[in-house]
Amino acid sequence: MAESTTTCFLLLVTGYVTAVMSEEAHLRSRRDFGCGQGMIFMCQRRCMRLYPGSTGFCRGFRCMCDTHIPLRPPFMVG
């Protein structure tokens, strides 16, 4: 019983460490879209291209896209 608990714990820790390292790598890859050089317009253009109608801003050295835009209700036909 103790061996299975230890194995389960080690798998859980390994999964957590892998997830944290993957997230850090992802954030590092997003680091530069103009925010590192102080050119926010590059970030804004990127966000507008990915999410039409959204805006972009820099937080730290990362480009963040604000997609909290209310959607229009669908038009009623008929």
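Cβ coordinates come from backbone N, Cα and C, glycine included.
Since this is a predicted model, take the numbers as computed values, not measurements.
Look at Swiss-Prot and you will find 1-22 tagged as signal peptide, backed by sequence analysis.
Sequence annotations record features per position, and here Swiss-Prot assigns disulfide bond to Cys35-Cys58 (among others) based on similarity to another entry. A simple way to gauge crowding: the CB of Cys35 (disulfide bond) has 21 other CB atoms within 10 angstroms, across all the protein chains here.
Annotation source Swiss-Prot lists disulfide bond at Cys43-Cys63 (among others), citing similarity to another entry.
Taken from Swiss-Prot, the feature disulfide bond applies to Cys47-Cys65 (among others). Secondary structure at Cys65 (disulfide bond), taken from DSSP and collapsed to helix, strand or coil, is strand.
Listed disulfide-bonded residues: Cys58, Cys63, Cys65; maximum Cβ neighbour count within 10 Å falls on Cys63.
According to DSSP, Cys35 (disulfide bond) is assigned to coil rather than to any helix or strand.
The Cβ of Cys43 (disulfide bond) has 23 neighbouring Cβ atoms from other residues within 10 Å, across all protein chains displayed.
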